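A.B. asks: Marked as domain 'TRAP C4-dicarboxylate transport system permease DctM subunit' by TrEMBL: B:7-417. For B:50-70, B:136-160, B:172-196, B:217-235, B:241-260, B:272-294, B:314-344, B:356-386, B:398-421, the entry in TrEMBL reads transmembrane segment.
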Amino acid sequence: MLAVGVLLMAANTIANVVGRFAFGESLFFAEELNRLLIILITFAGISYAARQGRHIRMSAIYDTLPPRPRKALMIVISIVTALLMFALCYYAVGYIETQASRGRVLPALSIPVWITLVWAPVGFFMTGAQYALTAVKNIVEKDIYLSTNVLEGYDDDEMEV
Amino acid sequence: MALTIFSIMIILLLLGFPMMIPLIVGAGVGFYQMMNGFGQMETMVQQFMAGIRPASLIAVPLFIFAADIMTRGQSANRLIDMVMAFTGHIKGGLAVSTAAACTMFGAVSGSTQATVVAIGSPLRPRMLKAGYKDSFVLALIVNASDIAFLIPPSIGMIIYGVVSNTSIAELFIAGIGPGLLILVLFSIYSIIYAYRNDVPTEARTGWGDRLRAVREALWPLGFPVIIIGGIYGGVFSPTEAAAACVLYAIILEFIVFRSMNAAAIYETAKSTGLITAVVFILVAAGAAFSWIISFAQIPQQVLTAIGITEMGPIGVLFVISIAFFIGCMFVDPIVVILVMVPIFAPVVKSVGLDPVLVGAIITLQVAIGSATPPFGCDIFTAIAVFKRPYVEVIRGTPPFIVILLGVSVAMIFFPQIALFLRDLAFGY
Amino acid sequence: ADTWRYAFEEALEEVQGKYAQKFKEEIEANSDHEIQLFPFGTLGESVDTMEQAQAGILQFVDQSPGFTGALIPEAQVFFVPYLLPQDNESLFKFFRDSKAIHELFPPLYAEQGLELLSMFPEGEVCMTTQEPVHSPEDLNEVKFRVMTNPLLVESYKAFGATPTPLPWGEVYGAMQTGIIQGQENPRFFLESTKMYEVTDVITCIGHNNFTTAVMANKDFYDGLGEEDQQLIQNAADAAFEYILDYQVALGDESFEKIKEAKPEIEINILSEEERKPFMATSASVEEAFIGMTGDKGAEILAQMKADLEAASK
Ligand code: NA
Ligand code: NA
C-alpha cells in the first residue's frame, strides 16, 4: 500500500506534465489525487514505522538508564503512545462523520472529502495497536523491544530500511 | 498556559517518547484549556490533515524517492566520482563540495528536507569513507540544506512578501548575499575542520582519469539538467521536477545501468513511504500544535509583555530575530511567518526599518530554526533517512549555529550584507 | 463581556482585513465585547476556518462564496462572468439591494449552520499576462492559472485560454520561469502579491468583481439577545458601507503603486466594444453552472440577472 502510494504519486505528477506539454491539457485532478495519496502514505506509513521501531525520538537520557528502569520506561512509553493513538483514532472518526454530514466534495475529482480521510483513523488505530503489542511484548519477554519486531539498539546497516 | 505546555513537552521529549507525542500532548493540553474540555478535539484532527495538505510538500517524497533510487543504484556514485576526480586532492574538498551541492540543490528545489535526502544520502557514505566524523557530516548536511531558504526561489520569502506587502523580487535578491556568505563561512569551517582532524586527501587525479570520470557520469549529469534547466527553463514546477527525476532515475537504473530490478524499486518506494510518514506525522502534529498557540494568541501576549513598541530599530531587529528563531524551533516556519509578521508590522513601520532587510533576517532565522533542536524538521528528516539517533544528528551542530547566529548579528549591524545586491539591481 | 473570534482570508491591511478591523471597531465602541482578529493562515486555510466557524470555535468568518462551492454549490454563481455591474454606482446598488444576496442566499447558508451577515465586493478582477490581451484570440495558447473550480476553468476555456491548475504558492515562481503566462485576481491583490513583477500586461475586461461573504456561527448568533444581534447587524452594515468606497480607492491606489514600481507596465481597460466577444462566451458558463446546481441554481442565476438589471437602471 505504502509503496503503491509513492509510485502512484510519481506517476500522477509526471502524467500532469506530459498532459500539459503533449496535449496542452493539465490534469485538474492531479493536485487532489496527490493530496489524497499523501494522506494515504502518511497514515499507512506511521503504523509500518511503528512496527519497524522507526519513529523519531530523543533517547539520550533513556539510553543512560540501567536495563530494568529502561524496560519499565519503555512499557510506559508504549502504553501512553498507544492510548493517545486510540484517542486520535476516535476523534478522527468523529471528524470524518462531521465531514460526511456536511457533504463537502472535492471540486475536480468530485468525490466526497470524507473518503479521502479514512486512512487517518485506520493509521492511528494500527499504530496504537503496534505500540500496545510492544508494551505486551516488553512485559512478556526478557529483552527490551523498541517495537514488536525490533530489539533495542540502532543497527549498523544504516542505509537499509 | 504556554509555560505549562512547553514544560510538559520538554519532559516528554527528554523521557524518550516518540517525537510526535510531545507535540500531540502539547496540542491536546492547549485544546483542553482553550475549549474547556475535549469538545473540540475534531479541530485538532482537522489541523493534522491541514498540516500535510500544502501542495509544496509533495516534492519531498518525490525527491526522497529519486535520491534513494540514485543512491542504491549507480547514478549517485558516478556523479560523486566525478566530483572527487576534481576535488579529492584538496583538503576539505569533499566537505566544501557537499556544502555547495546542498546550496545549489536547495536553491532550485526550494525544499530543505528534500535537500537533506537528495544530497545527504549519496554524499554522507562517501564523506565517512574519506575520514570525516559522522557528527560533522550530519551537521554539515542539515545546516547547509537550510541555505535553500535564502537562495531564490524561496517559499518563505514569497509568503513574507505577500503578508508584509514587500517586493518578492527584491527579497529574492536580498537573500543571495547572506546565503552565499553562509556558504563561504561553512566552507572555511569545513577546511579548518579537515586540517584540524587531518582528514586524508586522495592523490591528484590526472586529466585522463578526470575525463573518464566525466564520461562515466554523463547519464547521471542529466539530473542537474532536469532540475536546473527544467525549473528555470519553465518546463517544470519544483514538484514536477522531482517527479521527472524519479522517472529519469528509474530509467537509468532499471534500463541503462540495469543495476536495479522491479522488486528493488518497489522496496525503495516502500522505504520512501516510511521516511515520508515518519517526518510528515510530525509536520501534522506540529500544525495542530501551532494552531492552538496561534488561537490562544500566545505570540501577541509574549511580545506585548516584552514591550517591543518602546524599542529602537536595532532593538526591534534583535527581538524579531530572537522571536522567529525561537518560534521556528517549535513550529513550522511558514506558520511562524504567517502568525508573527502581522504582529511586528506596525513596529517595523514606526521605526522605519526596510521591510526587505527584515524579510531577509526573518528568512535566515527561519532557516536556522529548522536546523535547530528540539523540533527542527530537517533534523527529523536526517534521523529518518540516515537512521542515526537524535543526539548524534545534532552533536556537530554548535559550530554551524555559531556561524549562523554570527551572520544574523552581522546582518543587523551591516544591513548591506542583504541590501547591497538589491540596491545594485534596483538602483536604489 | 465576551471575546468573539473572527477569521478572514486575507492579510490585515487587505480588503477583508480592513472590513474586519472596522467591524471590530464598531463592536468594541458600542459594547463591552472584544473581537480577536485572525488574518489569513493564522488558523489555517479558508476551508479550515470555515469548518471552525461551523463548529462554533470561531464566531465570525469570511469566505468568498466562490470557495464555498464545495459546501453550497449555488454560491459559485459568483464565478459566472458578467453577472455583476461593471460601474461602481450600479455595483453598490446591486450589493445593497440584491434579492439573491439578501433573500435567496441566507437560507442556504443557514442549512450549513451559518448566519449570512453580509456580502461585499473586494474589487474588479483583472488578468495579468505577458502579452497584451484585446480579444479572446489573444488568449489562445496562453496557459492561464486558475483555481481548481469547474466554472473558472469553463470561463477561461470559453475565453480561449488554456486553464492550468497550480497551487497559489507556486504561481509567482511559475510566472517567472514561464510555466504559465497568465493569472487573474482583484486589483489590490495584483499589487500586494507582486504579480506585476513577473508579468508585463494588466487587462481588465469587467467580467467579475471578487466577492466575499461574512458569516456568523448560527447557533452562536441565535443564542444572542436581541440587543447583541442588533449590535452585530449594525457593525456589519457600518463595515459594509465603509468597505464599498474603500475597495474602489484601494483598487485605484494599487494601480498607481504598480505604475510607480514598474513604469513600463501596460494597463489596458478594455472598451465596451472590446468586451463584447468576452461577454458573448458567458452562456456556456451559465449552462455549466445550471448543470451543477439544478433548479435552485437556475432560480438564483435568474434572480442575479434581475438584480443586475434593476441595479443598472
Ligand atoms: Na530556495
Ligand atoms: Na524548528
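Residue numbering: from 1, along the chain as shown.
In case you wondered, yes, glycine gets a Cβ from its N, Cα and C as well.
A TrEMBL annotation is a machine prediction, not a hand-curated record.
Quick one: how deep are these features, and who are their neighbours?
C.D. replies: The domain 'TRAP C4-dicarboxylate transport system permease DctM subunit' (B:7-417) scores a mean pLDDT of 89 in the predicted structure.
Counting same-chain residues at least six beyond the ends of the transmembrane segment (B:50-70), those with a Cβ under 8 angstroms from any Cβ of the stretch are 76, 109-111, 113-114, 117-119, 121-122, 155, 220, 223, 238-239, 242-243, 245-246, 248-250, 252-253, 260, 265, 268-269, 271-273, 275-276, 279-280, 283-288, 291, 332, 334, 385.
Tertiary proximity for the transmembrane segment (B:136-160) is limited to same-chain residues at least six positions away from its ends with a CB under 8 Å from its CB atoms, namely 56, 95, 98-99, 102-103, 105-113, 115-116, 119-120, 123-124, 127-128, 166, 168, 171-173, 175-176, 178-179, 182-183, 186, 190, 193, 238, 333-334, 337-338, 341, 359-360, 362-364, 366-368, 370-371, 376, 378-379, 382, 386, 388, 392-397, 399-401, 404.
Only residues 6 or more beyond the boundaries of the transmembrane segment (B:241-260), in the same chain, are considered here, and those with a CB under 8 A from a CB of the stretch are 58-59, 62-63, 65-66, 69-70, 72-75, 108-109, 114, 219-220, 222-223, 226-227, 230-231, 268.
Distant neighbours of the transmembrane segment (B:398-421): 139-140, 143, 173-178, 181-182, 185-186, 189, 314, 317-318, 321, 325, 354, 356-357, 360-361, 364-365, 367-368, 371-372; these residues of the same chain sit at least 6 beyond its ends, with a Cβ under 8 Å from one of its Cβ atoms.
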A.B. asks: Going along the chain, which residues at least six beyond the ends of the transmembrane segment (B:172-196) come within the CB cut-off of under 8 Å?
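C.D. replies: Counting only partners 6 or more residues beyond its ends, the transmembrane segment (B:172-196) has Cβ contacts under 8 Å with 91-92, 95-96, 99-100, 103, 107, 132, 136, 140, 143-144, 147, 149-154, 157, 356-357, 359-360, 363-364, 399-400, 403-404, 406-407, 411, 417-422, 425-426.
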